[in-house]
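Report on the following structure.
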């Protein structure tokens, strides 16, 4: 790789974490920065590790300033550097957008036409990117990059620029707030939380980044000679991220299409006032604020069932309006990933956590969940012994425990959870597994744990829309008689790489013959069945 020597010089003389941060800041490479990236996310600084307008601005600004004696030719030289940066860092959507916008402005300045307007440059960059690769529209980086610039342009452009250092401070803070205002629903939708101190964190990080980005570019050429300057600045940035990451987070989770529309409609009066389209500005501002607050308070919550991908194991999340139920959690090594998935889906706490039986591929990940996520109630199969690690963890956390039997019912949010099995403990782990019926206010889902056909024959379930097949698709379960009774439209199979032949061809054939749509976590990843939204 001809870029390797540049990367080696960038990393020379830095600590392991310093190398990772500088790769992210300079080249947008986040590989190996899992812990640090999570810290930057919680601090609202993750965008610093995705090269975009900030990085291009520092690069172009530094060159234009250093080459001032060359007059208009400095704009052309700065323009010629942009393809080199794209080659070094890779053509990510945010970097392509920033390079196109900067290139248009530099070309206009070189030709004496003046810099392109932000909205005009943004629109042309959007058009060119989608013309080249229409699928880029689905990229999260593309969406975040364009929305942030749009927010800054629409909110800051009509405001007067205050003079002096205080004016620069205020403008930087307003830019961070404007970007956050336009990004809020998308960030909540994709990551499940929004750092409330993000504008302040960005303001404090800006001087450090203003030094680190140009130093990073120089380090690509000069190597370890600049390490004594770079390392303390990186450590200062990490310290800032660590402090701010402890601040409050707004947790929300997935945003419905209606929620997106209502949020941006709520911003519209503010934009009309700022651009003086409507003369009664004060009244509109006052009217838009309670509208936004009301939208947040009344935001619809999903009614859905997630089959989470935890490899060869089960983990199902039922969101029933304003309450969530987690059924099983995969193997112990999946615990950290499971917690991250719950947070990304906006789960602050679980109303109910269920461990259907004491096989490691069902309860293992729940150990981490019990440590990290507040729980209202834990339901455990009677097969769990009193000294089981999960029981000890739940008791140490003070979580109420219940060993339910058939006929136990709970009202959960806008839905209902009913235990259909077991009636009495048998002493067999699989036969004593908890069989659950989830009622989402009409649509229903039947979760069979790992119970064998002998148990299925004794069940009396209603017809359901969704069936979680028994034992990862083992031939010992999901019999034809059960399928005839419950008549599911969708079958979910939690499965990964395994030596058992799961799901068994006979089970797949039975499902397909009855016209059931089959979704497997080893093929589709996490699967979501959406039943609707609840206000």
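Note that Cβ sites are derived from N, Cα and C of the backbone, with glycine treated the same way.
Curation does not apply to TrEMBL; its annotations are automatic.
What TrEMBL lists as domain 'Metallo-beta-lactamase' is 312-497.
According to TrEMBL, the transmembrane segment annotation covers 45-68 (among others). Taking Cβ pairs closer than 8 Å, the transmembrane segment (45-68) reaches residues 21, 24-28, 30, 33, 37, 74-75, 77-78, 81-82, 85, 89, 92, 94-95, 97-99, 101-102, 106, 141, 144-145, 148-149, 198, 201-202, 205, 209-210, 213-214, 217, 241, 244 in its own chain, all 6 or more past its ends.
Long-range Cβ contacts of the transmembrane segment (75-96) within its own chain (Cβ-Cβ under 8 Å, at least 6 residues beyond either end) map to 3, 6, 26-29, 50-53, 55-56, 59-60, 63-64, 67, 102-103, 106-107, 109-110, 125, 129, 136, 139, 141-142, 144-145, 220. Positions annotated as transmembrane segment by TrEMBL: 75-96 (among others).
Sequence annotations record features per position, and here TrEMBL assigns transmembrane segment to 102-128 (among others).
Positions annotated as transmembrane segment by TrEMBL: 140-159 (among others).
The transmembrane segment annotation in TrEMBL covers 165-188 (among others).
For 200-222 (among others), the entry in TrEMBL reads transmembrane segment.
Positions annotated as transmembrane segment by TrEMBL: 260-278 (among others).
Annotated transmembrane segment per TrEMBL: 283-300 (among others), in sequence order.
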With a Cβ cut-off under 8 Å, give me the same-chain residues at least six positions beyond the ends of the transmembrane segment (102-128) that come close to it.
53, 56-57, 60, 72-73, 75-76, 78-79, 82, 96, 146, 149-150, 152-154, 157
Tertiary contacts of the transmembrane segment (200-222), defined by C-beta under 8 angstroms and 6+ residue spacing from its ends, are 6, 9-10, 12, 22, 25-26, 43-45, 48, 54-55, 58-59, 62, 88, 169, 172-173, 176, 229-230, 233-234, 236-237, 240-241, 244
Give residue numbers and ranges for long-range contacts of the transmembrane segment (165-188): same chain, 6 or more residues beyond its ends, CB-CB under 8 A.
44, 143-144, 147-152, 154-156, 159, 194, 198-200, 202-203, 206, 250, 252-253, 255, 259-260, 263-264, 267, 346
Taking only the residues in the domain 'Metallo-beta-lactamase' (312-497), give me the average pLDDT of this model.
94
